[in-house]
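Working notes for the structure below.
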Amino acid sequence: MMAGRWRAAGVLALFWVCMVFAGCGRQEPVRQTVLVMDTVATLTATGPEAEAAVSEGVTRLRELEAMASPAGADSDLVKLAAAAGNGQWVKLHSEVYHMLAVSQAYSERSGGAWDVTAGPLVELWGIGTERARVPSAAEIAAARAKVGWQKLELLPQTQSARLMEAGMCLDLGGIAKGYALDEVRRIYAQHGIKDGLINLGASSLYAVGRNDKGQPWRIGIRDPRAEDKDTRLAVVPLGDAALSTSGDYERYFEQDGVRYHHIIDPRTGAPAQNAAMSATIVVAGSCADAGMLSDLLTTTVFVLGPEQGQAFLEDLPDEVQGMLCDKQYKLWAAHDFLDGLQDLQINR
Ligand code: AMP
Ligand code: MG
């Protein structure tokens with residue numbers, strides 16, 4: 001009896017020693033915040049190689065920014081625009097080529113709702129800049145003539161591209177951050193990071209493993225009409241998956257009761273005018289290009305609007321979940337996305 005009690009006490013003591021060691025062994029997360037790709041990015045990682053993973057991640061973000069930006073000597077977009085209409089192929093960085101190849105597949109699939117050649121329209125509307133204004137119908141028609149994913153040609157053998165008409169230009173604003181998520185995630189994997197968060201300005205994130213409480217990361221989805229940007233519509237518990245949100249509240253101006261925002265419907269040449277306020281997509285990390293897909297799909301679903309956007313999502317693999325929130329706060333979800341939501345602030 002006595003011996004049993006001592007044995008139990010011994011086991012308990014051993015348990016506490018292990019717990020203390022485990023506690024000491026838990027490393028503080030390494031976190032770095034930088035301004036890159038027009039956004040405030042925060043990289044968080046835990047593990048013996050967290051410092052290296054975060055610092056290499058930041059370097060990679062800067063490299064991607066240089067090759068996919070609308071300006072700059074090393075930008076493929078600048079080279080493509082300069083050669084537009086002259087028939088010559090432009091050799092691209094493999095990263096940019098990959099973005100364009102995936103992009104073209106989704107342009108076709110979405111009937112042109114998603115289109116990286118929307119550059120001239122993005123430029124014309126200037127949403128989010130000081131020159132933002134409602135252009136004339138003639139200006140819109142002229143810009144639309146320089147838009148069309150079929151006029152972007154790709155050559156896989158040499159990873160080159162060309163734009164078939166003078167004045168065309170690409171805009172990777174709806175996909176580059178997603179691609180960057182995938183790149184940083186690869187760097188994290190090379191460094192054996194099991195827990196971390198790659199946050200490119202809250203609208204695009206990749207969650208690796210768990211947070212420092214050992215729980216899934218909790219990602220708030222913003223209420224599209226709340227004054228305070230911290231007011232949430234709901235919380236998504238996230239682990240080993242990418243999440244993106246696009247909304248008409250990010251960059252916009254209002255005129256005569258119409259909200260002109262930064263998500264362009266290339267088919268009309270104007271900011272998408274349908275019932276959508278925001279779209280949120282989660283793509284499981286098991287999918288290739290999870291980050292890039294989550295990013296481009298939010299824009300696509302937003303442009304397609306509630307019914308078509310939902311149907312579009314339903315047609316994609318189950319690893320892609322998401323929802324569109326319309327102006328009545330009705331949620332149009334696909335693949336059981338609502339079941340995973342927490343702290344939902346509206347009645348559905
Ligand atoms: P996001 O905030 O991820 O929806 O991305 C919006 C950005 O993508 C815009 O600021 C534009 O740079 C670009 N964009 C806007 N409309 C489209 C579209 N229909 N297809 C592709 N890119 C677009
Ligand atoms: Mg996007």
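Cβ coordinates come from backbone N, Cα and C, glycine included.
Please treat TrEMBL annotations as automatic predictions, because they have not gone through curation.
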Candidates Gly173, Gly174, Gly192, the one TrEMBL lists with Asp295, Thr299 as binding Mg(2+): Gly174
Surrounding CB atoms that lie within 10 Å of the CB of Asp295 (Mg(2+) binding site), all protein chains: 32
CB contacts for Thr299 (Mg(2+) binding site) [other CB atoms within 10 A, all chains]: 27
Cβ-centroid neighbours of Mg(2+) site Gly174, Asp295, Thr299, 8 Å, sequence order: Trp114, Gly173, Ile175, Lys177, Gly178, Ser244, Ser246, Leu296, Leu297, Thr298, Thr300
Neighbourhood of Gly174 (Mg(2+) binding site), C-beta criterion under 8 angstroms, separation at least six: Trp114, Val116, Ser246, Ile263, Asp295, Leu296, Thr298, Thr299
